[in-house]
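Enquirer: Structure provided below as structure tokens; questions to follow.
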Ligand code: 0X9
Ligand code: ZN
């Protein structure tokens, strides 16, 4: 009996669950910055990163190549032995931050510590609630410009909210659009703040800038300001340096004991060479790729939405290092066919516009060439699998040079970062408009198709799901496959089976139903799109060709 009790005690002690139920203090943690000068230094740093390390380290910038800056934090208990080790190996380093907790405290402006502000502020780092309330406020103020779309729920049941700006209130799978997400990595706070800043630029610019208005009318933006809401809140309340989502703990054996850790790196969870490079199968690692591609509700929700409404440009905001990254990042010297002809020239044009605002310099290239190889990234998947013409990952300020606090960018930089990033994204938006919307608009002006009425063709109301829709003339409620919940543009409406419809006559070119080739079949299905059905499983049987992205015209 005694032996049994003893064994039980030993066994329970051997299960180490990464404790996250109390606030993590970074008092006296150091940020060590190293510029690896030779292969031996690089190999040593890689061994610390990839293999079992005797120190408690968190790599903010992992080692990749000689000359590529490495940032890592070290716990106070390990700092002196690590520094001794570095010195013994002749490795030059600087202590960029002496007390990480102090740096965390000075990230927010002095004013916000003295008088904690109430409500949302565009020059502040806001909570998820504050961000969502601001989205709802904007929607209330401009109901015809803004649509809120609930694309899914997280592990901790938070809503993933996409805001659509422009393009009318119904979702159109064929209209050219621009996708912008931020906050896939929880601790990169400047990213959601920048997404919100850009949202405001779009909303206010719509009223004051006729060119922007024309663009948004035909090329809406879909913005997901916080792609990892659980992680974001965790980084605000419990652990400022949290990166992953909050997938419940998974346990595995490690030597003589069991360890259990939470979270998946969402930017390793997309189905693009998933688990092939720069990611870990260890659930305790910061780059854990998860048990399968798209195993996470957050990445699956984004996939479902983007597959239903594929954009012409995909932009994902991260921090830090001031890099404009182009696919592909899973392997060095691996590029899409239009890398040199389209993706890179536009990236260079965009970063020039960015630099013109405050003189901030960005590097342009693939993540694998400029940083490190890493597969399963969202921008690689968007280009490689979804075939989005322009796909980018932007690593915002600061640059990882001698100075700078990495993820802890002071609040006073939010507005300048917002202004310069908006200038760059505007370049991408202008390009999408001139390539994908203007020719179509010109064509429309030249040739007016003879109107055909859907009701005359017997297509209206042929779906049982369609008949459950609300019968308002302007669609405002949309259900997505991913969430099975409601997207409301006003807070009062709810329906679980609603599909937006319009009672207006639909105009289509008469030729669209003539022959059933791949494209024409697509056109047939696009008739259904006006009921927002084409992406729905029920209709996929009819529309298999259209729902296959290869068949889109
Ligand atoms: O590691 C990432 O997911 C991104 N960096 S971050 O510091 N924001 O976490 C960069 C991904 C870009 N792709 C490659 N480096 N391959
Ligand atoms: Zn990131």
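Even glycines carry a Cβ here, placed using N, Cα and C.
Per TrEMBL, the feature signal peptide maps to 1-16. Annotation source TrEMBL lists domain 'Peptidase M14' at 124-432. Positions annotated as active site, proton donor/acceptor by TrEMBL: 395. Here TrEMBL flags 461-474 as compositional bias 'Polar residues'.
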Enquirer: What is the total of other Cβ atoms whose distance to the Cβ of residue 395 (active site, proton donor/acceptor) is within 10 Å?
Expert: 24
Enquirer: Can you tell me the three-state DSSP label for residue 395 (active site, proton donor/acceptor)?
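Expert: Assignment for residue 395 (active site, proton donor/acceptor) reads strand.
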Enquirer: If you average pLDDT over the domain 'Peptidase M14' (124-432), what do you get?
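Expert: PLDDT averaged over the stretch: 96.
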